[in-house]
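Remarks on the structure that follows.
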Amino acid sequence: MSNVDESQPLITHLVELRNRLLRCVICVVLVFVALVYFSNDIYHFVAAPLTAVMPKGATMIATNIQTPFFTPIKLTAIVAIFISVPYLLYQIWAFIAPALYQHEKRMIYPLLFSSTILFYCGVAFAYYIVFPLVFSFFTQTAPEGVTIATDISSYLDFALALFLAFGVCFEVPIAIILLCWTGITTVKALSEKRPYIIVAAFFIGMLLTPPDVFSQTLLAIPMCLLFELGLLVARFYQPKDDESAVKNNDESEKTQ
């Protein structure tokens with residue numbers, strides 16, 4: 001009988017997890033269905049930074065017969081997930097929140113909200129700042145006689161890779177705050193390692209962007225600035241731990 005009672009909480013959690021995952025899937029499907037009619041318009045919007053700087057008369061191409069149909073559909077599915085992120089995060093939060101203490105909830109609320117905003121900011125930065133600069137540079141430096149005709153599927157893969165790279169890298173402040181909050185490191189220790197972190201930012205930029213110094217620099221510089229922002233905000237999360245440690249030391253000295 002006791003084994004049955006002990007298994008009940010686990011079964012309850014699994015049922016709740018299934019229900020929340022089902023809600024996430026339904027949300028993404030509904031958004032996708034609402035957007036699928038506009039799939040070609042969505043692709044044109046994403047491709048606009050490239051088509052705006054292409055030479056007169058140049059167009060994008062499709063090297064496979066099924067590509068013009070499946071590529072916009074693929075993009076629409078990804079956009080549906082992208083739009084659904086706040087709801088998906090809410091479902092995740094609703095599942096794990098009951099296991100957290102009240103002070104942990106107060107600390108995580110702003111982190112969860114800001115991480116979502118930072119990811120969206122990273123994607124927007126890539127689209128409105130990086131794409132026009134990179135595509136303009138590439139089209140202007142093309143050898144004479146070379147016609148730019150980018151495959152629509154290759155462009156989508158390229159754009160999604162940059163969107164993901166910039167979105168993730170804009171989470172640097174959140175990573176720093178979590179590292180300092182959990183006691184893995186401190187603001188002072190990270191500040192002392194600043195030269196190495198700058199080098200690491202350019203190395204990460206080299207790995208996540210196309211093989212050119214221009215794209216690498218456009219990713220590394222925001223990462224360095226966001227690193228400084230993370231250090232600034234992390235100071236508000238760390239002192240409480242320091243104060244509690246000092247109090248514990250004082251109490252231990254008094255008992256001795």
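Numbers here mean position along the shown chain, with the first residue as 1.
Every residue gets a Cβ built from N, Cα and C, even glycine.
The model shown is predicted, which means the values in this text are computed figures rather than measured ones.
Taken from Swiss-Prot, the feature transmembrane segment applies to 25-45 (among others).
For 77-97 (among others), the entry in Swiss-Prot reads transmembrane segment.
What Swiss-Prot records for 117-137 (among others) is transmembrane segment, and it gives sequence analysis as the kind of evidence.
Same-chain residues lying 6 or more positions outside the transmembrane segment (158-178) and placing a CB less than 8 Å from one of its CB atoms are 46-47, 78, 111, 114-115, 118-123, 125-127, 130-131, 190, 204, 208-210, 215, 219, 222-223, 226-227, 229-231, 233-234, 237. Summarising the annotation, Swiss-Prot assigns transmembrane segment to 158-178 (among others) and lists sequence analysis as the type of evidence.
Residues annotated as transmembrane segment in Swiss-Prot, with sequence analysis given as evidence: 195-215 (among others).
Look at Swiss-Prot and you will find 217-237 (among others) tagged as transmembrane segment, backed by sequence analysis.
Between the transmembrane segment (195-215) and the stretches 25-45, 77-97, 117-137, the greatest number of Cβ pairs separated by less than 8 Å involves 117-137.
Same-chain residues lying 6 or more positions outside the transmembrane segment (77-97) and placing a CB less than 8 Å from one of its CB atoms are 16-17, 20-21, 23-24, 27-29, 31-32, 35, 42, 105, 112, 116, 119, 123, 160.
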